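*Asks:* Below: one structure in structure tokens.
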Amino acid sequence: VAAAGGARLVEAVEVRTPAGLARCDALIIPGGESTTISFVAAQSGLLQPLREFVKVLKKPTWGTCAGLILLSEQANATKKGGQELIGGLGVRVHRNHFGRQIESFEEGLELPFLGAAAAPFPGVFIRAPVVEEVLRPAPDGGHKGDGVSVLARLPGRVDRVEAGVSQATVERDSGDIIAVRQGNVLGMSFHPELTADSRIHVWWLREILRLR
């Protein structure tokens, strides 16, 4: 992030090495296959630098879908032997909560952090995880301190659970947790990067600039 003539310029680069990561002021870990991302990061010598980036340097980091899994402190329904996580979010996630690829769906989401009058956001869920449990909740529901704040839930999924699409249980009244924040770390179950709606990206960049 740099200033030019009073404007803020943002350069987006791919990160494949520790040296590439060291150039970054902030990081997005997008969707994909979390086990594969974790394996490639380990083979590239990136896992420990990523943990330091997120948890020691506390630079802004946003994970979507697989990125949410990797940024969680705990994950259920992992492959045999588990998988390496980066951590940073005090939550436990359930992988593939809504079922297989064929059960992917899009749903309009009410996201209060975009504004009270904001139109629903097109949430794309592809083999999506959910936050099964918040391990360290924020005491006041805010974004300051070390606790986890719930930013969004997905109501109305109980019928799909009861139909057998997902074996995980949900509370009928509250819905599934699909977006959380803990200090510098943001995690979402869905894929904003697969839509033409840039509102979450704009909001996140503004949050980065506000915290600098």
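Backbone N, Cα and C define each Cβ position, glycine as well.
According to TrEMBL, the protein carries these features:
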ACT_SITE  CYS65  active site, nucleophile
ACT_SITE  HIS191  active site, charge relay system
ACT_SITE  GLU193  active site, charge relay system
BINDING   GLY32, GLU33, SER34, ARG95, ILE126, ARG127  L-glutamine binding site
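I would like each feature placed in context: is it buried or exposed, what are its neighbours, and how far apart are things?
*Replies:* Sequence-distant contacts of CYS65 (active site, nucleophile), defined as residues of its own chain at least six apart whose C-beta falls under 8 angstroms from its C-beta, comprise PRO30, GLY31, GLY32, ILE126, ARG127, ALA128, PRO129, MET188, SER189, PHE190, HIS191.
Secondary structure at HIS191 (active site, charge relay system), taken from DSSP and collapsed to helix, strand or coil, is coil.
For GLU193 (active site, charge relay system), the same-chain residues lying six or more positions away in sequence with a CB closer than 8 A to its CB are ILE28, PRO30, GLY31, THR64.
Under a cutoff of 8 A between CB atoms, and with a sequence separation of 6+ in the same chain, the neighbours of SER34 (L-glutamine binding site) are ALA66, GLY67, ILE69, LEU70, ALA75, GLN83, ARG95.
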*Asks:* Only counting partners 6 or more residues apart, tell me which same-chain residues put their Cβ under 8 Å from the Cβ of GLU33 (L-glutamine binding site).
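*Replies:* Long-range Cβ contacts: ALA66.
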*Asks:* Among GLY32, GLU33, SER34, ARG95, ILE126, ARG127, which the record lists as binding L-glutamine, how far apart in Å are the two most distant Cα atoms?
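*Replies:* Roughly 13 Å, rounded to the nearest whole number.
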*Asks:* Neighbours of the L-glutamine site GLY32, GLU33, SER34, ARG95, ILE126, ARG127: Cβ within 8 Å of the Cβ centroid, same chain, sequence order.
*Replies:* GLY31, CYS65, ALA66, ILE69, ASN96, ALA128, PRO129
